Amino acid sequence: AALGETLRRLGGCDPPGGLGESGDPPQGVAGPPKGAGTPPKGGWGLHWGPPAVAITTWVRPGGCGGWPGGAGGFGVTPGPPAEGVSVKMFLRGRPITMYVPSGLGPLRAELPPERLQLDWVYGYRGRDSRSNLHVLGSGELVYFIACVVVLLQLPARRQRHYLRHSDCVRCLAVHPDRLRVATGQAAGVDKDGKPLQPIVYIWDSATLQTLQQIGLGSFERGVGSLAFSTADQGAFLCVVDDSNEHMMSVWDCARGTKQAEVKSTNESVLTVEFNPRDSSSIVSSGKSHVFFWSWSGGALTKKHGIFGKYKKPKFIQCFIFDAAGALLTGDSEGNILTWTRTPGKGGKEMYQIGQQTRAHEGSVFALCRRRDGTVLSGGGKDRRVLSWSPTLELLHEVELPESFGAVRTIAEGPGEELLVGTTRNALLRGTLGSGFTPIVQGHTDEVWGLATHPNCCRFLTCGHDRQLCLWDGREHALAWSLALEDTGLCADFHPGGHVVAVGLLSGRWLVLDTGTRQLLAGGSDGNEQLSVVRFSPDGTFLAIGSHDNFIYIYSVAEGGRKFSRFGRCTGHSSFITHLDWSKDGRFIMSNSGDYEILYWDVAGGCKLLRNRFESRDREWASYTCVLGFHVFGVWPDGSDGTDINSLCRSHHERVVAVADDFCKVHLFQYPCARPKAPSHVYGGHGSHVTNVRFTHDDGHLVSLGGKDTSVFQWRVLPGDSA
């Protein structure tokens, strides 16, 4: 012990054979009994004594001693830690030593009194979904993104959310009463690898209560299309799944029982509908087909639509029934086909094309019949919305701005108002005469970068769609967006709030004025992607973490408008993942891809602080590093090191939010320094959650959904109102 103390005072760290990198005790120090086993990856150990020479004691979860048999989790001995104690955590068999701050009292593994409540969802899934925008009897718009079905009341600009789904919502249908809604989800897996089966929920849009669950265990891969019957007041629901055979089934909505089922086709099915005048007649369409189904008893029989002299299109993407009951289809050739039923041989009916109307350049993605009998069509390549008479004579047309993408779906609002969903995940509102303006906008590809404004409820996001977006959290709207030269992966606001730094996939970094959106500065250090950019608390430095294993430091002057190279932090053996500044703006704590925790004296020349023990009491202006004593309890037992993508400590330092790889957002108590600490868990995202940040006043938390392109704004409820 005396030797260890001497080494510590000389600035040494864990010596060879000590506890710095291996789990073995130094020579001459008692180790575990023979046959006790070794700590598994994802375990924890508690180390008593000075940091240079320490005795390792392994304990079971919640226990006070003993030795594990080489399997299961590990806990830390309860009670106040002694000075010089370090915690050792294992990820993929690699030991990570974290020193316990001095004077730390007992740490309780408790749930935080604060909770989260979903406040607003930014975005809409238009890039690969159809018929997913409707107007309810309440006047609310209903649509979906990720695992959330959103009900948006436009005049009040208020959202409600149906949150029962456990994986991404794929389709939506509204009951004829315009109150009940059916939504179907994709299959998935939970964090333990167990399958999450596709299911359809029928729910009340007024109360958000689930009325019926349909088909648990009956569908494969996901639910692709849904339709309520109309002629019998919505007594039945038709479902087509995403299996190879695209199984079509009809269900009793009240009882939740299957009435009929059949293999529809091996080709993709894009949409299905009941004939509004006859519930025994169903139509489905998709790749190179239109099928006319007859439902009788427990049997479904189909007849192929005959294209005859007309070119068979590659896809029939949408259809409606006109005022006279005829079927109109929109296809990938840009045509609207009118289908007629005619007698065939032996008295059997045939379905043939009676009329072909040239409508759009490129695909017809959407058809909508208005209350006055006129027909609307939406184009893909030409981005036009066309209005047709009941006999398909062109009446009016309007072209959408290119920035919003192609028309995905069209719904009729009050009066002359129309609502349009687009392929670039926007919802537009307007009329054919006055044009359209956005009411919902979102990212169109994977989202990673997130920064919250230091002084107001605004935040900035960026991602693989090369869009930099500034959001107003109070108005729940996009303030502005800007096209980037490359994929944006990280961002941070200058403490003054008027300047933002953005790190790109190419290795370049940009500094922009948030008011004028003008480029103020930029640079490139190497050609590897940037993982993190972070201003120091006083705004005098900018730290840039790169995949080339270096942290580049720039001096900042003139309020964030002038940058000059200050130095480079060299010492990590893998790419930088996270970093934080100390409250005095002199030091940095950083994590890397091989689970290192390193400390740097920036003000002293970007020096690596080799004695990590001496940084145990340093206070950090932010805490976003996923590895560190104050947050090691957020890691699940047996983790492989990729389970947590991001975390963020609140400004009042009472809670820490975590974004995991299993579509969940967690809220832990801070500090979180007990193994397997409890947390409040929140779903809604349909992909790995890539980032989380608290707003300036800790009133909200923002989370990003990665590949589901969603941005969630959560309200933080204090303990007395949770």
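From the backbone N, Cα and C atoms, a Cβ is placed for every residue, glycine too.
In TrEMBL this protein carries:
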| type | residues | note |
| --- | --- | --- |
| COMPBIAS | 28-39 | compositional bias 'Low complexity' |
| DOMAIN | 158-430 | domain 'EML-like first beta-propeller' |
| DOMAIN | 447-716 | domain 'EML-like second beta-propeller' |
| REGION | 1-42 | region 'Disordered' |
| REPEAT | 440-472 | repeat 'WD' |
| REPEAT | 569-602 | repeat 'WD' |
| REPEAT | 682-722 | repeat 'WD' |
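Listed by sequence, the residues of this chain that lie at least six past the ends of the repeat 'WD' (569-602) yet keep a Cβ under 8 A from its Cβ atoms are 91-92, 94, 96, 98, 528, 531-532, 534-538, 540-541, 543, 545-553, 608-609, 612, 615, 618-628, 641, 646. Beyond the ends of the repeat 'WD' (682-722), by six or more residues, the same chain brings 112-123, 125, 127, 145-148, 161, 163, 166-169, 186, 425, 442-457, 459, 461, 463, 465, 471, 473, 476, 645-652, 655, 657-667 to within a C-beta distance below 8 angstroms of the stretch. Averaged across the domain 'EML-like second beta-propeller' (447-716), pLDDT for the predicted model comes to 96.
Across the range of the repeat 'WD' (569-602), the DSSP-based residue counts are 0 helix, 19 strand, 15 coil. Sorting the repeat 'WD' (440-472) by DSSP state (H, G, I as helix; E, B as strand; all else coil) yields 0 helix, 19 strand, 14 coil.
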